[in-house]
Amino acid sequence: MISFLDKAVLQFDRALQTLVPHAAKATRPSPANTLEEAELDQVERKHSSGLMRINHTGEVCAQALYAGQATTAKLATVRQEMEHAADEEIDHLVWCEQRLYDLGSKPSILNPLFYGASFMIGAGAGFISDKLSLGFVAATEDQVCIHLQKHMAALPMQDAKSKAVLTQMHIDEAKHKAMALEAGGYEFPQPIMAIMTQVSKVMTITTYRI
């Protein structure tokens, strides 16, 4: 059985990997690696950077959410599911970070704040019940999939590298949503989903610019 201290050390290490630039390592190569860099003007590059910054912060939040849930999950199987999903999300984190630097930009300075808030939400959900915790994962991944679809449509047409990253992320996120529901997650009602959408707008509006 893992002690509370062991959990704290593991989660501190995960936080450092998430928040320190270039600290995390992907297990899969970025889908953008095989594509040529497109010619983007200043406005297009700034727009692509803003969208990828939002997606990078979304992955920071996902890492924190899963970390919080894994810390308080009651069943070992649920904790393992959370940790496995977080490991897959690291690929997304690294891909988005890499793409940001390729575009001449950088991650949001607000990431530590969003990480802390997401960790507390995840830990709170896990403390209440595993069913709620898994349901929150499913609802969050549903929101992420919607954002990704919008961003893929909003990217400059010639920015194939960013679109390739978001396309693979969308595939993975949909899988994580299905996994959470199959594991017994609670399916949130539409009013709750609407509230989550409004809350997520705070993150997207701020991180697009900073």
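Along the chain as shown, residues are numbered 1 onward.
Backbone N, Cα and C atoms are what each Cβ position is placed from, and that goes for glycine too.
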Listed co-binder of Fe cation 1 (same site as Glu89, His92, Glu173, source Swiss-Prot) among Glu39, Glu44, Glu59
Glu59
Given Swiss-Prot lists Glu89, Glu173, His176 for Fe cation 2, the same-site residue among Glu81, Glu141, Glu187
Glu141
What does DSSP say about Glu141 (Fe cation 2 binding site): helix, strand or coil?
helix
Look at the binding-site residues Glu89, Glu141 and tell me which residue has the greatest number of other C-beta atoms within 10 angstroms of its C-beta.
Glu89
For His92 (Fe cation 1 binding site), nearby residues of its own chain (Cβ under 8 Å, 6 or more apart in sequence)
Asn55, Glu59, Ala62, Val165, Met169, Asp172
Can you name the residues of this chain that are 6 or more positions from His176 (Fe cation 2 binding site) yet have a C-beta less than 8 Å from its C-beta?
Ala85, Glu88, Glu89, Val137, Glu141
What is the Cβ neighbour count of Glu59 (Fe cation 1 binding site) at a 10 Å cut-off, with all protein chains included?
25
